[in-house]
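What follows is a single structure, written as structure tokens, with notes after it.
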Amino acid sequence: MTRAEQGNETAVVEFIILGLQSIPEVECMLFVIFLVTYITTLSGNLLITVLVVTDHRLHSPMFFFLGNLSFLETCYTSTILPRMLASFLKKKYVISLNGCFLQYFFFTGLAGAECCLLTTMSYDRYIAICKPLHYTTIMNGRCCLQLAGVSWVNGLLASAIVTSLMPQLTFCGPNEIDHFFCDFAPVVKLSCSDTHWIELVTFILASLLTLPPFLLTLISYVCISYTVLRIPSSTGRHKAFSTCSSHLTVVTLFYGTLTVVYLLPKPNTLGDLHKVFSVCYTVLTPLVDPLIYSLRNNNIKKALR
């Protein structure tokens, strides 16, 4: 372990990411699974991004936001999985403090941007179903660019604020992160300085990035459900609901795993189980999202053909 002298304290300048080493008997199998998962996730999300850009049938607000989501999840999964795969190969993965903070910045920023982007997509579906006559007027190209831009900026800005505060913490040992990436809780847990202020700032920003978007998404779908139920024909109701069923599935999966990972109690006896839930949130969600959209959307199927 590399250390640097800082006053009378010995400051840690690098971390060891333990990953899933507590179950070494299945490391080889996990490496293969995560490698296949990463390749599949990249292929699926990049394919949807390319289709949205190149196929004229997909040049609409709904698919514009879908292309943004797919590109976001390509970046998101690339922040986590390559380092996780490297930890399996090296058995012990060492990362510098700055490298750890940089990984946290991209991971948190992209997760926050996804919260906002999913809300934007629900607003798009709300306008399309509840106010169809005004859809083209409201969801014009300028509005779509502004909504997507605000989603990206909100997530990255909030992450930048927290990340800029983390170097002010002092780390004087131990230096082992009991996780497979540099998440906030396991990193701050290793600090030997006062962390209440940064925890408070993080809690406030995380609440602003998750609760209002979730409530707005919930309100959008309440309005959508009310409008759909008022459609007289069952065929019309099915057609209207099918346009947002994929997005609703993705929102449920995203916020469901987010709740399990960050809101439910985490007893010490369930440490490994918590890491498994984190895998679902950081790895499986970006994997299944393109499958959900491609299997449930006829326009995506036609573009793929």
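Just so it is clear, glycine is given a Cβ too, placed from its N, Cα and C backbone atoms.
Where the annotation comes from TrEMBL, it is an automatic prediction and has not been curated.
Remember, it's a predicted structure, so these values are computed and weren't measured experimentally.
If you check TrEMBL, you get these features:
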type	residues	note
DOMAIN	44-293	domain 'G-protein coupled receptors family 1 profile'
TRANSMEM	29-53	transmembrane segment
TRANSMEM	62-81	transmembrane segment
TRANSMEM	101-123	transmembrane segment
TRANSMEM	144-166	transmembrane segment
TRANSMEM	203-229	transmembrane segment
TRANSMEM	241-264	transmembrane segment
TRANSMEM	276-295	transmembrane segment
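Two recorded stretches are said to be in contact when at least 3 C-beta pairs lie under 8 angstroms, sequence spacing 6 or more; the transmembrane segment (241-264) and the transmembrane segment (144-166) fall short of this definition.
Tertiary neighbourhood of the transmembrane segment (101-123): same-chain residues 62, 65-66, 68-69, 72-73, 75-76, 79-80, 83, 95, 147-148, 150-152, 154-156, 158-160, 162-163, 166-167, 181-184, 187, 209-210, 213-214, 216-217, 220-221, 244, 247, 250-251, 254, 282, selected by CB-CB distance under 8 Å and a gap of 6+ residues from either end. Under the criterion of 3 or more C-beta pairs below 8 Å, with sequence separation of 6 or more, the transmembrane segment (276-295) and the transmembrane segment (144-166) do not qualify as touching, having fewer than 3 such pairs. Per-residue pLDDT, averaged across the domain 'G-protein coupled receptors family 1 profile' (44-293), gives 86.
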